[in-house]
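Down below is the structure, laid out as structure tokens.
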Amino acid sequence: MGMTITEKIIAAHAGKDYVEPGELVTVKVDLAIANDITAPLAIKQLEKYGIDKVHDPNKIALVMDHFFPPKDILSAQQIKISRDFAKKMGIKNYFEGQDSGVMHTLLPEKGFVVPGDLVIGADSHTCTYGGIGAFSTGVGSTDIAYIWATGETWLRVPETMKFTFYGKPQKWVGGKDFVLTVIGKIGVDGALYKAMEYHGEAIKALDIDNRLTIANMAIEAGGKNAVIEADEKTIEWVRKRTNREFKIYKSDPDAKYCCEYEFDANKIEPVVACPNLPSNVKPVSEVAGTHIDQVFIGSCTNGRLSDLRIAAAILKGKKVHPEVRCIVIPASDQIYKQALHEGIIEILADAGCLISTSTCGPCLGGHMGILAEGEVCLSTSNRNFVGRMGHPKSQVYLSSPAVAAASAVLGRIAHPDEVAKYEDVETLITL
Ligand SMILES: CC(C)[C@H](C(=O)O)[C@@H](O)C(=O)O
Ligand code: SF4
């Protein structure tokens with residue numbers, strides 16, 4: 001029997017030729033990561049067991065991103081604990097402040113993840129790296145502590161679901177619309193503990209940023225991981241970032257899938273996930289007109305350069321609606337600098353956007369844009385649960401950056417067609 005990409009990567013890291021769904025295996029971990037919220041908890045675990053040495057400091061990365069720069073004394077303490085630990089253990093891949101970013105944007109951007117890698121993170125959106133053909137998944141801090149100490153962890157091999165997108169992505173439609181369409185179809189538990197493998201010419205047509213967006217939201221369907229087979233675009237993208245050797249895994253023609261879904265990309269239009277679940281997905285046209293108080297363009301889902309380019313293309317020469325806070329947060333310092341270089345930051349600032357240094361910030365209701373009772377936010381992030389971005393009686397809609405930028409201008413949820421002509425901005429949009 002053939003194997004899927006996920007099974008092959010797990011088998012390779014378990015030192016086996018063959019694994020099958022349901023099997024429990026011990027795997028070697030290429031990279032084990034944590035952030036300013038989860039690292040201190042893992043550090044505490046190591047201390048509890050008197051472990052004062054990590055297995056391999058080069059296979060650990062710590063990224064201070066959630067409450068950065070520290071928003072209060074507690075978050076400053078968390079960061080200090082992480083920084084001291086990195087120093088003590090000789091962990092060079094410690095990121096805080098300079099040349100840093102939101103972990104899931106930063107680490108692939110810096111070449112820390114390559115196709116075929118097995119990455120485990122104390123953060124649920126570690127699944128993002130499936131966008132470049134890696135196996136990656138989130139765990140709790142105790143599991144991360146174990147990996148830091150031993151270099152290994154255990155996994156139950158997941159079953160694989162196959163999602164195929166035929167046709168061509170339509171105008172204004174990108175990875176976010178694809179993944180929201182999938183979650184809208186299968187639900188927030190539709191992929192529970194399963195690998196979500198994406199195929200089809202419409203996926204191949206997407207750039208790496210859009211593929212990372214798709215993989216990022218596997219956890220919103222309950223998935224263990226997502227994976228997109230690495231192709232020429234992936235190789236080019238990765239080669240610009242690292243010389244590390246890597247192996248590309250492909251699913252066998254006779255690989256076994258637990259279920260298969262097909263989508264016609266020609267029919268997918270810009271969509272929005274309405275409160276309070278990422279699966280409550282509707283075409284933008286159905287919710288256009290909904291009043292908004294805040295727009296957030298950023299996060300590990302849609303805070304990359306291509307996202308900012310689309311937002312700037314739409315907002316160029318226009319003004320954010322006077323009753324809307326439009327917060328833009330490039331997801332890494334490198335993206336910020338590149339956006340500055342391309343004139344994107346100036347366009348956004350002229351339009352009245354509030355631009356911050358990189359942080360998770362408002363995505364998890366942390367800081368930099370908390371919602372009051374009754375306020376409504378349209379966000380390019382990945383979660384819209386009750387109270388996610390502030391008051392339990394606030395509401396969050398999720399969308400692509402194109403829909404978010406158009407809505408910022410009109411002060412209500414809007415289709416990008418209402419604000420800009422696609423033909424005028426097409427050259428600025430990379431898919
Ligand atoms: C802080 C962290 C544990 C959390 C996660 O794991 O997802 C956060 O990143 C989030 O998006 O809610
Ligand atoms: S940007 Fe949001 S979803 Fe991503 S890691 Fe940060 S808090 Fe979690």
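From the backbone N, Cα and C atoms, a Cβ is placed for every residue, glycine too.
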Given that TrEMBL lists C360, C363 as binding [4Fe-4S] cluster, which residue among C300, C326, C353 does it place in the same site? C300
Within 8 Å of the Cβ centroid of C300, C360, C363, the other same-chain residues by Cβ around the recorded [4Fe-4S] cluster site are D65, H66, V102, H104, H125, G298, S299, T301, G303, A331, T359, G361, L364, S381, N382
Cβ-Cβ distance under 8 Å to C363 ([4Fe-4S] cluster binding site), same chain, at least six residues away: F296, G298, S299, C300, S379, S381, N382, R383, M389
Inside 10 Å of the Cβ of C360 ([4Fe-4S] cluster binding site), count up the other Cβ atoms and send me the figure. 29
